[in-house]
Amino acid sequence: MHPQKSHAGAVLTIDLNALRANYRLLRQQAGSAACAAVLKANAYGLGADRVAPALAAEGCRHFFVAHLDEAIALRPHLPPPAEIFVLHGVPPGAEKECIVHQLIPVLNSLQQIQAWHALALEMGQALPAIVQVDTGMSRMGLSPVEVEAWLDNSAFMKSIQLLYVMSHLACAEHQDHPMNGTQLARFNALRQRLPNVAASLANSSGIFLGPDFQFDLVRPGAALYGIAPVAGAANPLQPVASLQGRILQTRLIERGDHVGYGSRYSASEQRRIATVSVGYADGWLRSMSHRGVAFIDGVAVPMVGTISMDSITLDVSAIAAERLYAGAAVDLICAQHPVDAVAELAGTIGYEVLTSLGNRYYREYVGG
Ligand SMILES: *Cc1c(COP(=O)(O)O)cnc(C)c1O
């Protein structure tokens with residue numbers, strides 16, 4: 001759905017200049033490592049077709065998505081020499097699609113390695129790939145036993161042009177978490193057995209663990225989009241997404257009146273309530289009911305009542321009535337109330353807030 005701006009319940013603004021500034025900061029932080037960009041889930045909900053060219057213009061050459069079809073859809077927006085890597089590898093039988101679209105799989109299992117190897121033999125040439133090893137997350141990549149089977153088979157080394165060996169950190173946003181050192185040690189032990197192969201370990205937060213974690217290629221996603229990379233520290237990134245909802249109508253309620261489904265809010269005195277045209281179907285997570293907040297001209301207004309599918313209700317008693325006309329703007333994500341703060345009120349992480357952003361919003365791209 002592509003709503004008209006004047007009809008939409010909310011406007012989602014995506015600042016491509018801020019995105020580019022974040023990329024520059026991360027690249028600088030990554031020292032001599034190349035800086036990739038992770039664009040899975042439609043660039044964390046912000047629009048891969050717009051984010052990708054903006055980052056390519058900034059000099060980014062390595063792009064990661066999760067699914068093969070995400071990579072195929074992205075290719076027209078990212079012509080070579082940009083390289084597109086598929087984090088989940090190739091679904092069995094779809095290997096040739098990678099060749100057709102010039103995509104590079106991340107091989108996560110012996111089965112995926114075997115299939116890529118078979119295609120290389122069929123084509124009579126070595127085929128490029130990344131191999132992922134599991135260093136402690138138990139999610140994707142070769143297990144220690146599979147690593148041995150892979151390294152023991154010299155045919156794989158001939159048929160597969162190994163661009164990087166990679167792994168993924170489980171706890172990188174917590175800088176003093178012991179898992180970071182454990183995973184680094186396991187990764188370094190593997191690297192000693194592949195001395196001439198480039199390596200990639202760090203996501204956004206991993207970049208900030210320092211040079212030991214950066215290797216040859218870093219893979220930030222969240223930080224590009226303004227999410228704080230280090231728990232408990234100031235966020236050096238610029239916000240990229242902002243969201244302005246619109247007031248549908250307002251009403252005065254009296255002491256004892258209720259608001260919303262379940263009648264869980266009741267007014268202790270006369271209040272003015274504004275209904276805003278954004279709800280959980282737009283990704284305004286229902287877990288924020290009774291605890292969310294919005295801003296009007298910089299003044300915080302609490303969300304009251306349960307969040308509905310298509311609307312929320314705000315206690316706007318603190319705001320001058322003239323400011324509360326139908327169509328008036330209300331800031332839901334803004335500099336004062338960034339994605340991470342929204343996430344905390346929803347009991348989740350900024351990643352989920354961004355990737356939940358709905359498709360009924362009018363999306364406006366600025367800069368780029
Ligand atoms: C999602 C993902 C990233 C990016 O992580 P952020 O925390 O968003 O920077 C990097 N590598 C892998 C394997 C991922 O799945």
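Just so it is clear, glycine is given a Cβ too, placed from its N, Cα and C backbone atoms.
A quick note: this is a predicted structure, and the numbers were derived from the prediction, not measured.
The active site, proton acceptor annotation in TrEMBL covers K40, Y261. The N6-(pyridoxal phosphate)lysine annotation in TrEMBL covers K40. Taken from TrEMBL, the feature substrate binding site covers R139, M309. Among the features that TrEMBL reports, domain 'Alanine racemase C-terminal' is placed at 240-366.
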For K40 (active site, proton acceptor), the three-state class that DSSP assigns: helix
Residue, out of the recorded positions K40, R139, Y261, M309, whose Cβ gathers the largest set of other Cβ atoms within 10 Å: K40
Number of helical, extended and coil residues in the domain 'Alanine racemase C-terminal' (240-366), per DSSP: 28 helix, 49 strand, 50 coil
